[in-house]
Amino acid sequence: MAEQQLGVLKALDVAKTQLYHFTAIVIAGMGFFTDAYDLFCVSLVTKLLGRIYYFNPESAKPGSLPPHVAAAVNGVALCGTLSGQLFFGWLGDKLGRKKVYGLTLVMMILCSVASGLSFGHEAKGVMTTLCFFRFWLGFGIGGDYPLSATIMSEYANKKTRGAFIAAVFAMQGVGILAGGFVALAVSSIFDKKFPAPTYAVNRALSTPPQVDYIWRIIVMFGALPAALTYYWRMKMPETARYTALVAKNIKQATADMSKVLQTDIELEERVEDDVKDPKQNYGLFSKEFLRRHGLHLLGTTSTWFLLDIAFYSQNLFQKDIFSAIGWIPKAATMNATHEVFRIARAQTLIALCSTVPGYWFTVAFIDTIGRFKIQLNGFFMMTVFMFAIAFPYNHWIKPENRIGFVVMYSLTFFFANFGPNATTFIVPAEIFPARLRSTCHGISAAAGKAGAIVGAFGFLYAAQSQDKAKVDAGYPPGIGVKNSLIMLGVLNFIGMLFTFLVPEPKGKSLEELSGEAEVSHDEK
């Protein structure tokens, strides 16, 4: 790729931060808002689903989802997301980022609404249709990962590229927060309109029939922000790097970016030979890719896999951890609406105090500190705080020490988000060639979701008490919350070691990082 071909890409690399950058952040970021909202809102309503559809009047405890149903409801969207990341990642390189970007959003809108309209009033029918639609919701969400990251990286200038991609990803924190606020608002409204006694006072009346609408409204709300951004996604031009380096149309790329940057970019004559240079046409499964990027791909996949085991197991099962330490009262002392409110309040406080600030610390410092140092430090601090919670676990569960537990637990989330949860999303969008960028990001993200599935399914069983008398209905004894947290700490430490396989992209152009600029040096 000679210097002439780089004209339009250089213009993007050195462009001052301007309106189109922020427009791209909002368009891609609102997709991530929806992604996070849809994936995490289910953790707010699983206990409510148990009360409604698995009520047993003979039991001293409210109904709860059977183990296989809980695992399916929590994990099916993650399975869909993994599939979507691989499929749309590949498709984004084959057809272009823009062509498939709108399709992912349409899937999210339709499946969010359909999830809330899950058919029937019997447990089997509702759970089956809910899981079906949440799988396809996850499939659409999965496509948003590689496409949003790739589009933002290819639009950004090299000076603030990390902050722009991080800002898109930071909308995940806002989505988690929004899920909490929506649940708080909806449960408060229903509590005032349809007051009910606690389960201990009246088992049947503690779950009035109207609460069936609570979880449906919460789940369906995720469609709204996605719908608001669809028009603007369709108006975005294809990225210049895809048009020039993959579609081989430098003229169109120059015209598109001249409009976006609102400046004239000169079109050089010697372009075709550079763009079509055979040295840059190696495939994903070639020896050349293995030589250049094999360790990089191992680094991005392994770190994302290990991070998501810890991150998703903690996020999806916050309610179980908070119940175990007594931060959420025993279920029998609440009615169905109160339980939703208390779980949402706990999750919202964690998001507000640690999750959201962690994301925006990454936005603020990633282009000064660098991706590598932030990720390494994040894994290290997560390990420290996880062990600090786990080893003296019996100390933290005492009533007088619960605030300390919440502080320590919050700090693990802060350093996850001011750390590997953000950087594992950013780096794969920067270090691979344009024609494989979306695919490699999709592979890396899918490895992360594989870790999330391990966390979602594994933690559900592992965190059960070792005492058979204390396990949840239908579960075998596990290793307990304490030992589960120790295991997560060990995984965080291993993630820190694999970070050394990932290069530092700070301040470099995408072509310099991917090796696509090497041809120009050979030709000069």
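Including glycine, each Cβ sits where the backbone N, Cα and C put it.
Remember, it's a predicted structure, so these values are computed and weren't measured experimentally.
Feature annotation from Swiss-Prot assigns topological domain 'Cytoplasmic' to 1-24 (among others); the stated evidence is sequence analysis.
As annotated by Swiss-Prot, transmembrane segment applies to 25-45 (among others), with the evidence given as sequence analysis.
Long-range contacts of the topological domain 'Extracellular' (46-70) within its own chain (CB-CB distance under 8 A, at least 6 residues past either end) are made by residues 122-123, 126-127, 199, 203-204, 206-207, 211-212, 214-215, 319, 331-332, 336, 339-340, 343, 460-461, 472-475. The feature topological domain 'Extracellular' is assigned by Swiss-Prot to 46-70 (among others), with sequence analysis given as support.
Taken from Swiss-Prot, the feature transmembrane segment applies to 71-91 (among others), supported by sequence analysis.
According to Swiss-Prot, the topological domain 'Cytoplasmic' annotation covers 92-99 (among others). Outside the topological domain 'Cytoplasmic' (92-99), and at least 6 residues removed from its termini, the chain residues within Cβ reach (under 8 Å) are 143, 146-147, 150-151, 154, 236-239, 242-243, 246-247, 435-439, 442.
Taken from Swiss-Prot, the feature transmembrane segment applies to 100-120 (among others).
Per DSSP, the topological domain 'Extracellular' (121-131) is made up of 9 helix, 0 strand, 2 coil. Positions annotated as topological domain 'Extracellular' by Swiss-Prot: 121-131 (among others).
Taking Cβ pairs closer than 8 Å, the transmembrane segment (132-152) reaches residues 24-25, 28-29, 31-32, 34-35, 38-39, 42, 73, 76-89, 91-92, 97-98, 100-101, 103-108, 111-112, 114-115, 118, 164-165, 168-169, 236, 239, 425-426, 428-429, 437-439, 441-442, 445-446, 449 in its own chain, all 6 or more past its ends. According to Swiss-Prot, the transmembrane segment annotation covers 132-152 (among others).
Across the residues of the topological domain 'Cytoplasmic' (153-161), the predicted structure has a mean pLDDT of 90. Residues or ranges marked as topological domain 'Cytoplasmic' by Swiss-Prot on the basis of sequence analysis: 153-161 (among others).
According to Swiss-Prot, the transmembrane segment annotation covers 162-182 (among others), on the basis of sequence analysis. Long-range contacts of the transmembrane segment (162-182) within the same chain: residues 21, 24-25, 28-30, 32-38, 40-41, 44, 148-149, 152-153, 155-156, 217-218, 221, 315, 344-345, 347-348, 351-352, 355-356, 358-360, 362-364, 366-367, 371, 417, 422, 425-426, 429-430, 505-506, each at least 6 residues beyond the stretch ends and with a Cβ under 8 Å from a Cβ of the stretch.
Sequence annotations record features per position, and here Swiss-Prot assigns topological domain 'Extracellular' to 183-211 (among others) based on sequence analysis.
Sequence annotations record features per position, and here Swiss-Prot assigns transmembrane segment to 212-232 (among others) based on sequence analysis. Nonlocal intrachain contacts for the transmembrane segment (212-232), taken as residues 6+ away from its ends with a CB within less than 8 angstroms of a stretch CB, comprise 23, 26-27, 30-31, 33-34, 37-38, 41-42, 44-45, 48-49, 52, 102, 105-106, 108-110, 112-113, 115-118, 121, 179, 182-183, 186-187, 190, 336-337, 340.
Feature annotation from Swiss-Prot assigns topological domain 'Cytoplasmic' to 233-292 (among others).
The transmembrane segment annotation in Swiss-Prot covers 293-313 (among others).
What Swiss-Prot lists as topological domain 'Extracellular' is 314-348 (among others).
Summarising the annotation, Swiss-Prot assigns transmembrane segment to 349-369 (among others) and lists sequence analysis as the type of evidence. Non-local neighbours of the transmembrane segment (349-369) in the same chain are 159-163, 166-167, 169-170, 172-174, 176-177, 180, 318, 406, 409-411, 413-419, 421-423, 426, 506-507; each lies 6+ residues outside the stretch with a CB under 8 Å from one of its CB atoms.
Remark: secondary structure over the topological domain 'Cytoplasmic' (92-99) totals 6 helix, 0 strand, 2 coil, with classes taken from DSSP. A contact between the transmembrane segment (442-462) and the transmembrane segment (71-91) is present, since 3 or more of their C-beta pairs, 6 or more residues apart, lie under 8 Å. Only pairs six or more apart in sequence are counted, and the transmembrane segment (100-120) with the transmembrane segment (25-45) gives three or more Cβ pairs under 8 Å, enough to call it a contact. Against the transmembrane segment (293-313), the recorded stretches 25-45, 71-91, 485-505 differ in Cβ pairs under 8 Å, and the greatest number is found for 485-505. Non-local neighbours of the transmembrane segment (25-45) in the same chain are 73-74, 77-78, 81, 104-105, 108, 112, 134, 137-138, 141, 144-145, 148, 151-152, 164, 167-176, 178-180, 182-183, 214-215, 218-219, 221-223, 225-226, 228-229, 232-233, 236, 315-319, 340, 343-344, 347; each lies 6+ residues outside the stretch with a CB under 8 Å from one of its CB atoms.
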